[in-house]
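Single-structure report; data block below.
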Amino acid sequence: MTDLLFTRVRLLDPASGLDRPGALLVRDGAILDFGGALGQPAGAEVIDGAGAVLCPGLVDLRAALGEPGFEYRETIDSAALAAAAGGITTIAVLPDSRPAIDDPALVQFLRARGDATGSLTLLPYGAVTRGCRGEALAEFGLLREAGAIAFSDGARAIGPASLMRRALSYARGFGARIVQHPEEPSLAADGAATEGELATRLGLPGIPACAEAIMVARDIHLAELTGGMVHFSRLSTAAALDLVRAAKSRGLPVTCDTAPPYFALNEMAIGEFRSYAKLSPPLRAEADRAAVAAALADGTIDAVVSDHQPRDADDKRLPFAEAAPGGAGLATLLAVTLAEVHGGRLSLTRAVALLTAAPAALFGIAAGRLQKGAPADLCLFHLDRAWRVVAGELPGKAQNTPFDGRALEGRVIGTWKAGRRVFG
Amino acid sequence: MADPPRHLLAIEGLQPPPLTALLDLAESYVLLNRSGQTARDLLRGRTLINLFFEDSTRTRTSFELAGKRLGADVINMAVASSSVNKGETLLDTAATLNAMHCDLLVVRHNQSGAPNLLAQKVDAAVINAGDGTHEHPTQALLDALTIRRRTGRIAGLVVAICGDIVHSRVARSNIHLLTTLGAQVRVVGPPTLIPAAIERLGVAVFHDMAEGLAGADVVMMLRLQRERMIGGLVPSAREYFRFWGLDAAKLARAAPAAIVMHPGPMNRGIEIDSLVADDPARSVIREQVEMGVAVRMAVLDTLARARPKLRND
């Protein structure tokens with residue numbers, strides 16, 4: 001493998017606070033050196049960044065990839081294309097596939113499938129319950145041993161308080177987090193949109209926004225009771241964020257993430273029954289969207305995840321309440337997050353931290369940093385380059401973006417996995 | 001002036017002039033229908049398809065009659081939800097209809113927004129004949145016409161819409177139409193049957209029937225479906241009738257000449273007492289049915305005029 005030298009890049013490593021113009025040298029797939037100026041080894045391939053940002057490859061803590069079981073929506077290979085185009089080199093994969101990831105062999109299978117792409121590290125979640133059916137606990141110990149990074153039932157909330165209590169308690173023995181879909185299921189049943197004026201006008205069954213805070217409040221109590229670690233994925237309301245903020249200030253092992261739709265869109269994106277804007281949790285009122293954006297900046301939110309949920313046209317071209325919820329998110333993860341930077345609400349370092357070092361640190365993933373000797377998982381992006389999201393023209397198979405038509409600033413121009421260029 | 005709308009999917013968003021124009025045109029069809037004449041040249045050569053994914057003898061028959069009186073070729077397609085489950089999607093159905101060169105498509109569906117989805121894909125003018133809990137535009141138009149003929153106006157009237165508001169597309173369309181034309185609209189019912197933030201649609205909310213009906217010029221009752229009781233939103237029929245069923249005593253709180261309306265079919269003894277429903281001095285329920293045909297003729301006529309003729313005849 002020839003050496004790879006990035007020159008004239010803006011080196012950005014949130015973990016170490018590094019943000020300076022410079023160069024970075026890759027040898028044998030690992031970062032050999034970086035700094036203000038580096039000598040050019042003979043025969044090195046030179047990438048002239050012309051001022052673009054070079055940061056760690058993005059670490060996405062939440063994506064469904066369609067495989068196994070829903071290959072018509074997305075496969076690991078097609079998701080790998082989308083991820084590479086989005087600058088993502090590590091993905092935590094949800095376990096609610098078909099079959100569910102409730103067996104150690106399936107964890108190993110997914111990790112191997114990721115490695116086989118050559119562009120992506122796949123880190124599977126283990127199921128909290130067998131089949132993600134919400135009944136009997138899965139084998140946390142064996143799943144963890146096989147490489148499950150945390151436990152989740154995917155899009156399904158862990159409903160009964162007694163079950164959540166046991167899951168938190170048992171997972172604690174293995175040092176693993178329980179990742180909750182923060183929505184009280186009995187209030188969310190059959191709902192298609194956030195309860196309120198818009199849902200009332202459209203005649204859509206509503207989910208009260210407090211279904212989120214109710215679940216978050218309960219699980220914070222259960223985390224305190226058991227000493228287990230809970231992580232709330234895709235928080236979308238001010239009330240739930242307030243609860244997490246308060247729990248953190250008390251030192252409880254409570255963390256959370258959100259996804260770009262919840263700080264970049266509000267419920268009005270549904271318009272007249274646009275099913276591509278049907279997500280779970282549903283898009284919220286403007287005040288909640290603003291609260292999510294604020295919580296990115298103040299540290300309440302620990303990570304931004306793609307929440308990639310591939311759907312095909314047949315899943316979506318249905319009357320709104322019957323359409324499958326979920327949006328494609330890999331290719332737009334970085335640029336939609338950067339909109340917060342361009343809007344002056346978030347520093348570039350914090351934005352990139354939320355996509356790299358912070359999620360990696362949450363789950364103890366060895367990625368998300370510019371570190372000498374570490375695999376050269378890198379993302380090179382142009383901070384200001386404008387582009388437009390067009391459903392139908394996204395990389396990968398899934399085209400169900402809630403951001404269709406949106407103009408964005410900030411574009412990935414190259415992605416490297418262990419020193420090998422996988423995009424751009 | 002803007003192009004005339006291609007479809008009638010909702011009342012929400014329509015301004016007073018087109019609404020009044022439809023009511024005026026419908027008025028002329030009332031006279032035509034009463035005279036025993038028809039206007040069979042108006043829609044001659046046009047194909048009207050009644051596509052009903054949900055049973056409704058009343059609305060389907062009304063559209064069928066309206067189409068025939070204007071000379072359209074009318075075809076009824078009843079699509080039980082079971083056959084949709086066989087794998088044919090709404091959009092497959094749209095493709096089929098396009099191949100049939102349908103001009104006017106009347107759609108009833110149990111899902112909110114289904115006619116909007118069809119309208120994106122079919123060449124025909126789509127008329128929403130009731131979609132889920134969203135809208136039922138022609139019902140609101142026929143209600144408005146009935147009110148206008150009885151009281152001579154809509155602006156300034158106090159209209160109380162009572163009962164299961166949350167599941168009612170009739171209520172939503174009526175709220176939009178009546179508030180747009182200047183009526184004061186109240187919704188009355190138990191809190192479990194009042195949708196969130198309904199006051200943002202410009203209505204006042206009452207849970208006490210006597211207060212809600214006080215001084216009302218129009219009392220519009222809605223059907224309470226039995227499954228709402230099974231769903232636990234109301235404990236029992238007798239409790240519902242006691243507090244929200246319309247009987248003579250509750251009606252006495254309304255204005256002396258108040259009229260009583262119901263979109264049908266009625267649950268006698270649950271949301272309305274037979275003595276009130278059948279009182280010719282107060283109940284305009286039968287007149288609503290008559291207005292339904294005239295209003296649908298006006299809608300079909302208006303939308304057909306906005307379309308280029310597909311064939312010469």
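Every residue gets a Cβ built from N, Cα and C, even glycine.
So that you can see what the record holds, here are the features copied from TrEMBL:
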BINDING   B:ARG58, B:THR59, B:ARG108, B:HIS136, B:GLN139, B:GLY264, B:PRO265  carbamoyl phosphate binding site
BINDING   B:LYS86, B:ARG169, B:ARG223  L-aspartate binding site
DOMAIN    B:6-148  domain 'Aspartate/ornithine carbamoyltransferase carbamoyl-P binding'
DOMAIN    B:156-302  domain 'Aspartate/ornithine carbamoyltransferase Asp/Orn-binding'
(request) Determine, to the nearest whole angstrom, how far the Cα atom of B:ARG108 (carbamoyl phosphate binding site) is from the Cα atom of B:ARG169 (L-aspartate binding site). (result) 11
(message) These are the binding-site residues: B:ARG58, B:ARG108, B:HIS136, B:ARG169. Which one scores highest on other Cβ atoms within 10 Å?
(response) B:HIS136
(message) Through the lens of DSSP with three states only, how would you label B:ARG58 (carbamoyl phosphate binding site)?
(response) helix
(request) Round to a whole number and give the Cα-to-Cα distance in Å for the pair B:ARG169 (L-aspartate binding site) and B:GLN139 (carbamoyl phosphate binding site). (result) 9
(message) Using DSSP, what is the helix/strand/coil residue split across the domain 'Aspartate/ornithine carbamoyltransferase carbamoyl-P binding' (B:6-148)?
(response) 66 helix, 27 strand, 50 coil
(message) Taking the Cβ of each of the binding-site residues and counting other Cβ atoms inside 10 Å, which one has the highest number: B:THR59, B:GLN139?
(response) B:GLN139
(request) Starting from the Cβ centroid of B:ARG58, B:THR59, B:ARG108, B:HIS136, B:GLN139, B:GLY264, B:PRO265, which together make up the recorded carbamoyl phosphate site, report each further residue of the same chain whose Cβ lies within 8 Å of that point, ordered by sequence. (result) B:SER56, B:SER62, B:ALA129, B:GLY130, B:VAL170, B:PRO263
(request) Between the Cα atoms of B:HIS136 (carbamoyl phosphate binding site) and B:ARG223 (L-aspartate binding site), find the distance and write it as a whole number of Å. (result) 14
(request) Would you list the binding-site residues among B:ARG58, B:HIS136, B:GLN139, B:ARG169, B:ARG223, B:GLY264 that come within less than 8 Å, Cβ to Cβ, of chain A, in the order they occur in the sequence, writing 'none' if nothing qualifies? (result) B:ARG169
(request) Could you measure the widest C-alpha to C-alpha distance across B:ARG58, B:THR59, B:ARG108, B:HIS136, B:GLN139, B:GLY264, B:PRO265, the residues recorded as binding carbamoyl phosphate, and give it to a whole number of angstrom? (result) 16
